[in-house]
Amino acid sequence: MHLSSVSDLTAQVMSDEDGIEEVDKSCQTDVKWDKVMKLKLEAMILKTELYKRQNQNVAPQQKHMFSIDDVKDDDKQFRFYTGLTWLQFMAFWNFLGPSRAELSYHKSSVKSETSSRERRLDPINQLFLTIIRLRTGLPQNDLAYRFGISVSSVSKIVTTWIQFMYLRFSILKKPMFVTRDIVAKNLPLCFQKLKGIRTIIDCTEFFVKQASNFERQGHLYPSLKSHGTYKVLIGVSPTGAVMFVSDAYEGSISDVGIVKQSGFLDHLEAGDLVLANRGFPIRDILSKKGVHLNIPPFMNGRKKLTPEEDIYSKQIERVQVHVERCVERIKKFRLLSKVTLQPVLSQMVFVAGCLVNFQELERPQSTDTQNSPTEPPIFKHLGY
């Protein structure tokens, strides 16, 4: 039986059901039982066909894919995923410039069938995905599921964008190390007695996967440490902004060695004052450039410091906390603690340090509120 429309089919079903009722009544006299069953079966078939036709044009409900639009209006959630507010993220997005839409993606052995899949994400969501990966350390297969792309696409997007951000920030390595005059104009009160202060430095370590050969293990495993590490030198301004991030060096390097090899000395000028902890006996190195060093006094076999030395030591420790806070902020980018991306660790640490400069800075205690801006001062003075 051919029906031209769903309405015809519905009418046929209703008609057959009425016929069944009539036959049921006459069954008692002259209609055979098999005729009744045949009509009921036809009615059931027609109902099934009607249901299929009514639902065949209904599109299946698509899975909702995670995107930046889901959290951009919720600063708490946005900060959880990226470490930034929406406004800070957009400031960073604008800072990256128009070249962000013209990236050449990291080469892969994956064929074009999947290589075009990352294009399903627009550039701003690719950056969003990359910073989520850097900030939270979420596995690539988790991000692939959330964003509705392949795992290989996640890998290529993250690798490409980290390299792009690294290159973009690298242009600013020299201006990031702001001049002594700029530092002085934004100097918090707790630094006022430290004339000529330029930067505060410290070294921090990142755990790494055990090296495959024993010679390399010897360099990665410093004495008294049971885990492999890489070491990075961080320089921070008195306002708490990142000024310098070295490459990652094998954990066996000394603090003095990393100061010499990292290029840190190239940024200093005669008359600068560098603040450090006792692990940096670099006074002789700095003095050759006319740079001064303030570190806490040593005990030198004594049971305690003199009252003057004790006061001086506490003053240095009080301001040294600013670089420690900055290091903590950098380490909140949890991908840095993962062990599978060692070849790009230097790039990731540098990018994380620069992203910290887009965050709202913690106002140092006992400071002049007018001279302690909460916006990132380095990028403010660079015009961004």
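Placed from the backbone N, Cα and C atoms, the Cβ positions cover glycine too.
Those TrEMBL annotations? Automatic predictions, nothing curated.
Feature annotations, reproduced from TrEMBL:
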DOMAIN    119-170  domain 'Transposase Helix-turn-helix'
DOMAIN    201-357  domain 'DDE Tnp4'
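Secondary structure of the domain 'Transposase Helix-turn-helix' (119-170), assigned with DSSP and counted as helix (H, G, I), strand (E, B) and coil, comes to 44 helix, 0 strand, 8 coil. Within the model, the domain 'Transposase Helix-turn-helix' (119-170) carries an average pLDDT of 94.
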